[in-house]
Structure formats: structure tokens, C-alpha cells
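Per TrEMBL, the features are:
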- A:1-110: domain 'NADH:ubiquinone oxidoreductase chain 4 N-terminal' (DOMAIN)
- A:21-42: transmembrane segment (TRANSMEM)
- A:62-81: transmembrane segment (TRANSMEM)
- A:93-111: transmembrane segment (TRANSMEM)
- A:113-404: domain 'NADH:quinone oxidoreductase/Mrp antiporter transmembrane' (DOMAIN)
- A:117-137: transmembrane segment (TRANSMEM)
- A:149-168: transmembrane segment (TRANSMEM)
- A:224-243: transmembrane segment (TRANSMEM)
- A:258-279: transmembrane segment (TRANSMEM)
- A:286-304: transmembrane segment (TRANSMEM)
- A:310-330: transmembrane segment (TRANSMEM)
- A:351-370: transmembrane segment (TRANSMEM)
- A:390-413: transmembrane segment (TRANSMEM)
- A:434-450: transmembrane segment (TRANSMEM)
Amino acid sequence: MLKVLIPTIMLFPTIWLTSPKWLWTTTTAHSLLIASISLTWLKWTSETGWTSSNMYLATDPLSTPLLVLTCWLLPLMILASQNHINPEPISRQRLYITLLASLQTFLIMAFGATEIIMFYIMFEATLIPTLIIITRWGNQTERLNAGTYFLFYTLAGSLPLLVALLLLQQSTGTLSMLVLQYSQPLQLNSWGHMFWWAGCLIAFLVKMPLYGVHLWLPKAHVEAPVAGSMVLAAVLLKLGGYGMMRMMVMLDPLSKELAYPFIILALWGIIMTGSICLRQTDLKSLIAYSSVSHMGLVAGGILIQTPWGFSGAIILMIAHGLVSSALFCLANTAYERTHSRTMILARGLQVIFPLTAVWWFIANLANLALPPLPNLMGELMIITTLFNWSPWTILLTGLGTLITAGYSLYMFLMSQRGPTPNHIMGLQPFHTREHLLMTLHLIPVILLVTKPELMWGWCY
Amino acid sequence: MRYHRNRIANYRETREYDAQRAANQNSLFVGACFLLFAVMATYKEASLATRPKTLDPAEYFNLSPDYRRAEEKRAALRAQLKRQYLQQLNNPHRKELIEDPALTRWTYARTNNNYFRPTAKTSLIGGLFGVLPLFALYLVFKTDRDKREAKIKAGTYERPYKLST
């Protein structure tokens with residue numbers, strides 16, 4: 001763990017001491033080095049348990065895929081931001097990359113934490129750099145509103161979590177995940193215990209987001225600059241899923257009865273947000289609502305507490321992280337050229353950007369869960385386990401899959417096909433950097449088809 | 001829209017200034033309308049064409065002078081907007097899209113929900129699609145799962161799939 005954490009902390013001196021000519025090259029190379037070191041985590045020393053060198057930071061098959069995703073995403077974020085940050089003064093550029101690197105540090109410590117309270121502190125700490133990125137570097141005046149919604153939704157959800165964790169510490173004496181997994185099941189039989197159960201989960205459900213409390217997500221994703229959107233969609237949402245999976249271990253048997261409203265909200269949310277996607281005019285807003293839809297499926301899979309549900313949830317989280325981030329990068333390339341996120345203004349792009357049309361095609365096919373990509377793997381496992389839980393869910397999840405295919409194809413056909421309007425003809429051609437960014441997003445998705453054991457979590 | 005108004009505001013200042021100094025009019029259309037209402041002799045349509053409605057004196061036969069002045073001002077505004085658009089359209093160095101304020105208004109209206117008002121109809125739709133399905137789904141899932149739980153407790157539940165995990 002330290003072999004990744006110390007280079008990540010050393011990224012700060014790298015950012016501030018490099019000469020301005022070499023800033024972006026150096027930071028990209030440094031973060032790629034960290035990403036390649038993080039791949040060594042994938043070799044688990046013990047088959048199902050924790051791999052740790054100390055008591056406080058450890059990796060296990062649940063956190064490792066998310067850690068590798070986080071480390072992989074930092075060079076991609078730096079690559080994506082290069083163009084729109086370039087006009088700014090050099091110290092502001094350094095500050096931007098510092099915010100991304102600090103987000104990386106907090107996320108590594110969050111996913112690697114063994115004490116739940118450390119996870120909570122890092123969970124809250126990731127809010128600050130993200131808020132600064134959204135409200136300072138966003139492009140429209142609505143970014144202030146977006147930052148407010150983002151901060152206060154997440155904070156309001158996580159304050160009960162703090163209380164619940166302190167209560168858990170009082171009753172069991174420890175908050176270490178290494179110990180709690182072996183503890184006796186808690187006696188949960190009163191109204192107070194129900195509130196405690198809700199307090200444990202609401203923070204993560206708001207972060208995921210669950211359908212009823214998802215309002216912060218479209219605002220935050222749309223108003224954030226590209227690196228902010230990437231990290232939000234790819235990793236920060238998964239913090240919620242990861243936290244839920246960790247907390248579910250000790251929340252039985254109350255979850256059997258109390259999970260119903262949340263499962264129903266998640267499933268109905270798939271259909272509702274999918275339908276909203278079909279009516280969007282703003283490209284980034286469409287991708288944001290599709291994130292809510294996929295995360296609804298993940299939430300449903302986790303709340304059911306079956307092995308297939310958990311495995312499906314992790315696979316879908318990793319696959320969705322990469323694909324959603326790729327879609328935001330593509331939307332950003334269109335935004336940088338036309339300075340508008342309206343879908344009808346940037347249409348017919350296939351004629352002038354043919355290679356980029358390939359990336360759009362692959363990313364949209366991955367979004368609609370085309371076999372054999374891991375998106376389908378995760379979705380199919382969750383749909384199957386939901387069917388086992390109650391056969392009536394197939395109506396909701398099947399309709400949800402249909403609507404997902406609908407809006408993914410709508411996004412592709414609207415942006416790529418059709419006659420190219422005249423004002424698009426003179427747009428700047430694509431840079432190698434942008435093609436590299438897209439390949440670095442999509443190649444891991446395709447490679448994961450060949451070795452999905454990396455993502456299955458501890459249930460296999 | 002503010003851009004257009006500023007341009008017209010500037011123009012109006014210019015026009016009043018010119019009117020104070022009794023100088024020449026700026027726009028041919030405005031001049032034609034003004035002269036039409038003053039003299040009604042300068043505009044001559046082509047031999048087989050019809051006169052446009054805005055310049056036909058018969059149209060304004062029974063209208064008050066106030067209305068005619070307002071109509072003249074509106075014609076001036078239209079002429080200015082058209083002039084601005086034609087200048088942008090025929091500019092050979094223009095590469096980008098001509099900004100359409102209607103499109104800006106439309107995207108703003110579509111993305112911001114300030115135009116939602118809770119009426120009886122919208123509340124009914126919201127309740128029907130947003131609140132009722134939650135309770136309906138709860139009933140469906142709960143009864144289905146309770147039936148299965150009762151069967152498991154009675155020992156009559158046949159597991160349909162043979163899963164190892």
C-alpha cells in the first residue's frame with residue numbers, strides 16, 4: 001500500500017517544483033507510473049482475505065478493483081484537462097492538478113481503509129477538492145448551485161452515518177473491518193435500531209445515488225469541468241457502493257425488512273431516469289442521468305445481499321466507471337469545439353471525425369451493456385439475482401435494459417449520424433491526445449472481458 | 001436578446017439625435033415608412049408585383065396616428081434585426097454558427113426547471129408515476145416474498161435453480 005501512497009503524496013512536490021514547460025508531461029508520466037505500480041495489487045496473496053502490511057490500510061478483492069480504477073483514472077484526468085486549463089496562469093494550473101492529486105490520495109486511503117471511521121473521514125474529505133473543482137472551474141453560472149446541491153446533499157446524508165458509527169463503536173468496541181466481519185450478529189429489534197440501520201446506509205445511498213435523492217448528480221456532473229465529471233462518475237459514485245457493501249456485513253438481519261423501500265426506489269429509478277434520458281437536450285445531462293440509472297441497478301444488487309448481487313455490483317461499478325468516464329471525455333471533446341452542450345448543435349460528427357465515431361460507437365455500445373463487455377456481465381448477474389429474489393423484478397429490469405439501449409443509441413445517432421450542419425464543417429480536427437485518452441479508457445474495458453476474475457470480489 | 005436591445009437603444013439615441021439635428025435617416029426601410037406616412041409617394045412597386053402590406057396605405061386607412069407610429073417603430077426594429085442577421089449571414093469570413101437567441105432560450109428552458117408549476121394536472125401525473133408505483137411495487141414484492149417465506153417455513157418450496165453458491 002505504501003508503494004502507491006508515497007508516490008502519490010510525492011506527486012505534490014512534483015506538481016509545484018516542475019518547470020512550467022514540463023508540468024503536464026511530468027505529472028502525466030508520474031501518475032501513469034503510479035497506475036502501473038497499482039496493478040501489482042491485483043495479485044492477491046491470500047485467496048479471499050485481506051492483504052495488508054499493517055492494521056490500518058489493507059486491500060481485499062472488493063477494494064482492489066476500485067483502487068486500480070482510481071489510480072488508472074488520474075493520468076486520464078490530467079490528459080483530459082490539458083486543453084481547457086492551458087490558457088490559465090501557471091500557478092492556477094498547478095493548483096488544479098494538486099486538487100486532482102489530493103482527490104487521488106483521499107480516494108486511495110478511503111478504499112484501502114480498514115477502520116470504518118477512516119473510510120468515513122476520507123469519504124468526507126473527497127468532497128472538498130471536488131467542490132473546489134466544480135465551483136471554481138465550471139463553465140456556467142449554475143456551477144454555484146451545483147456545488148451547493150452536491151455538498152449539502154452528501155453532508156446531510158453522512159451526518160447520521162457519523163452518529164451511527166460512533167454508536168457502533170460504543171456497542172462493539174471496534175470499528176475495524178478486519179474484526180467486525182467476525183463479530184456476533186447484533187441484536188437489532190427496536191425502533192432505535194431501525195434508525196441506526198437507516199443512518200448507516202443513507203450516506204451511501206445519497207452518494208450512489210438512489211433515485212429519490214439523486215438531484216445533486218445531474219447538476220454536479222453537468223457543471224463540473226471534464227476532470228471533475230470523470231472522477232465523479234467513475235470513482236466518487238463507487239465510494240457509495242463500496243461503503244454500502246462494507247456496512248451490509250453487520251446490518252443483518254434487519255436488512256431483510258427495511259431494505260424494501262430502497263430496493264423499490266432503486267428499481268423504479270432505473271426506469272424513471274432512463275426515461276428522462278430520452279428527453280434530454282443537454283449531452284452531459286444525458287450521460288449523468290444514465291449514471292443514475294446504472295447505479296440504481298448496483299444499489300438493487302447490493303441491497304439484496306446475495307453473492308451474485310455483490311459480484312454483479314462490483315463488476316458493474318468498474319465497467320460503468322470506465323465507460324461513463326469515456327463518455328464524458330467524448331462529450332467534452334464536442335464541447336471544446338462547439339462551446340455548447342446542446343445535442344442538436346453537435347450532430348453529424350461521423351462525417352468529419354471518423355475515428356472518433358468509432359470511440360463514440362464503442363462507448364455507447366458498452367453503455368447499453370453489449371455482450372461480451374463487463375457491463376453486460378454485471379447487469380446480467382444483478383438482473384438474475386433480482387429475479388431470484390422476486391420474479392416480478394424482471395418487468396422493471398427488463399424495461400430498464402430496453403430504455404438503456406434506447407437512449408444509448410439515441411445519443412450515438414444524434415451526435416454521429418445524420419447530415420452535418422454547416423457550422424460543424426470548420427471544426428478543429430482531433431488531437432492525438434484525445435485519441436490516446438479514449439483508447440486508455442476503452443482498452444481496459446475490452447481486456448476485462450478476458451479476465452473477469454479480477455473484478456468478481458470475494459464471493460468467488 | 002440584450003445585444004439586440006442595446007443595438008436598437010443605441011440606434012434610437014442616434015435617431016433622436018439625428019431627428020434633433022434634422023439629419024438624414026439611417027435605414028432605407030425606416031426612411032421609406034416615414035416618408036410613406038408623410039408623403040406616400042416615394043415607394044413604387046414593380047409593375048406586376050403587389051405592394052407589401054406594411055407599405056400599403058390602404059391598410060392604414062382607419063388606424064389612429066398612434067398606431068401608425070407604433071407600427072413604424074416595429075418595422076424599424078424588424079429592419080434592424082434583419083440587417084444584423086444578413087450582415088452575419090453574408091460575411092465571407094464567418095465560420096461559426098449565427099447565434100440564435102431562440103435556441104438559447106429553448107435550451108435554457110429545457111435544462112432549468114424554473115418553468116415547472118405544480119398544478120392539479122402535474123401533481124396528478126407526479127403522484128401517478130412517482131409515488132403510486134413505489135407503494136404498488138412494495139405490495140407486489142412483499143406479498144410475493146411473504147408467500148415464498150411461508151412456503152419455505154412449511155417446507156414446500158422447490159428451488160427452481162441448482163446454484164452452487
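The backbone N, Cα and C atoms fix where each Cβ goes, and this holds for glycine too.
At the 8 Å Cβ threshold, with sequence separation of at least 6, the transmembrane segment (A:390-413) comes into contact with the transmembrane segment (A:286-304) through 3 or more pairs.
Counting Cβ pairs closer than 8 Å and at least 6 residues apart in sequence, the transmembrane segment (A:149-168) and the transmembrane segment (A:117-137) reach three or more and so form a contact. Here the transmembrane segment (A:21-42) has Cβ contacts under 8 Å with residues 3-4, 7-8, 11, 14-15, 51, 59, 64, 67-68, 71-72, 74-75, 78-79, 82, 90, 93-94, 97, 101, 104, 454 of the same chain, all six or more residues outside its ends. When each of A:62-81, A:117-137, A:224-243, A:286-304 is checked for Cβ pairs under 8 Å to the transmembrane segment (A:93-111), A:117-137 comes out on top.
Of the candidate ranges A:117-137, A:310-330, A:434-450, A:310-330 contributes the most Cβ pairs within a distance under 8 Å of the transmembrane segment (A:224-243). Counted with DSSP, the domain 'NADH:ubiquinone oxidoreductase chain 4 N-terminal' (A:1-110) comes out as 82 helix, 5 strand, 23 coil. Long-range contacts of the transmembrane segment (A:434-450) within its own chain (CB-CB distance under 8 A, at least 6 residues past either end) are made by residues 72, 75-76, 79-80, 318-319, 322-323, 325-326, 329-330, 333, 355-356, 359, 362-363, 366, 372-375. Model confidence over the domain 'NADH:ubiquinone oxidoreductase chain 4 N-terminal' (A:1-110) is summarised by a mean pLDDT of 92.
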